[in-house]
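Annotated features, as they stand in Swiss-Prot:
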{"type": "BINDING", "residues": "49, 50, 51, 52, 109, 114, 115, 116, 120", "note": "substrate binding site"}
{"type": "ACT_SITE", "residues": "50", "note": "active site, nucleophile"}
{"type": "SITE", "residues": "99", "note": "site 'Important for activity'"}
{"type": "BINDING", "residues": "189, 190, 191, 192, 193, 194", "note": "NADP(+) binding site"}
């Protein structure tokens, strides 16, 4: 059995292509089932987000499994198989495990260390699990990846530092006020940057936000979309008298907020702090305003310095997380190798305990007058002999899990003890066939 991961992401395809190979949420369950019907696929999980579509699969043979996954993607989105090959990357074995761990922990994201992907990966796994397309290996591996990502984020704080301008703007406001929940904010501009700023403000806990825009209808649309208030640009001077935070992103020809405007309202505000954050180029806020008492004015250069510093912090955290991945891969491999050992140990124990049971039956026939107490003592001691005899062979069997020739040596081990253990590969195939029948039956029942 082999682990194959095929990924179409921001490194392998531009956004025009990525838009065409994204599964709708309501189509993902059926997509899991369709891929799972392929004989070469033993387990599968499909991850589909705005920046990546990925198929993770346990396959019987790498070449065949890879082809069927690529064919599945091509048929799903109306491409040729060669097109999918050109826009995707293929990872196999340890490389596939590393890729899964990097993606889940945010190391492969456009925004380094972002946490949204962790939730998306968890949802993808749960959907596959509920659909019935995961088995022993993926049920273990995906839980391991999710646990690893959670631990990595909590131990390194990789996602705590802002690396986008709009998010950094809110972080600057926090540096002045601390908690922002009780504050009032004004966002000037109803474009993309204005909406991003609004979302980051709402995400920080602020609920009292006013959208201000030259075109009132645009402000109204954005405000109603996010359940906040709105006003015209002419209302800005009066809003400045009571607001705490202003984020401006209009790129107007003239300054939206001038020195004279702020001087006028500062007399009304007295000692209340006002944070002005200008993320527009050219600037919306006249330079020099921060010379006025309790007025804090930041422009894009200030934000860039913060973003650059935070990005360096994230990169250091990412290096720490990446350094832990080899250990996780080793842990996974040890677990996988034990899958072949456990049935052998189980078969050895079963044979030994059968011998013990047969011995006790023989004793019962030859010594029928034994008391129940005497029988229990004999049974206990024969089991003890069995366990002591098995101790070293079982230890040797477990050590074979890390041996490069483990399959050959486990076969020899079975021959020596005349046992026949269940083949995990055959077990996986049988489990897959059983789950596939259940999925098919569910489809037929749902259709009827």
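From the backbone N, Cα and C atoms, a Cβ is placed for every residue, glycine too.
Mapped onto this structure are the features recorded in Swiss-Prot.
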{"residue": "49", "record": "substrate binding site", "Cβ neighbours (10 Å)": "19"}
{"residue": "99", "record": "site 'Important for activity'", "Cβ neighbours (10 Å)": "24"}
{"residue": "109", "record": "substrate binding site", "Cβ neighbours (10 Å)": "20"}
{"residue": "115", "record": "substrate binding site", "Cβ neighbours (10 Å)": "17"}
{"residue": "189", "record": "NADP(+) binding site", "Cβ neighbours (10 Å)": "28"}
{"residue": "190", "record": "NADP(+) binding site", "Cβ neighbours (10 Å)": "25"}
{"residue": "191", "record": "NADP(+) binding site", "Cβ neighbours (10 Å)": "15"}
{"residue": "192", "record": "NADP(+) binding site", "Cβ neighbours (10 Å)": "10"}
{"residue": "193", "record": "NADP(+) binding site", "Cβ neighbours (10 Å)": "20"}
{"residue": "194", "record": "NADP(+) binding site", "Cβ neighbours (10 Å)": "25"}
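Around residue 120 (substrate binding site), a 10 Å sphere centred on its CB holds 18 further CB atoms from the protein chains shown. Around the Cβ of residue 50 (active site, nucleophile), the number of neighbouring Cβ atoms within 10 Å comes to 13.
Taking Cα separation as the measure, residue 115 (substrate binding site) is nearest to 99 of the recorded positions 99, 189, 190, 192, 194. Under 8 Å, Cβ to Cβ, and six or more positions away along its own chain, residue 51 (substrate binding site) finds 9, 10, 18, 109, 110.
Those same-chain residues not listed among 49, 50, 51, 52, 109, 114, 115, 116, 120 yet with C-beta within 8 angstroms of the centroid of the substrate site C-beta atoms are 106, 110, 117.
Checked against residue 190 (NADP(+) binding site) by C-alpha proximity, the recorded positions 49, 50, 99, 120 yield 50 as the nearest. Taking the mean position of the Cβ atoms of 189, 190, 191, 192, 193, 194 as the NADP(+) site, the remaining same-chain residues with a Cβ inside 8 Å of that point are 187, 195, 196, 197, 222, 249, 250.
Taking the Cα atom of each, residue 194 (NADP(+) binding site) and residue 50 (active site, nucleophile) are about 21 angstrom apart.
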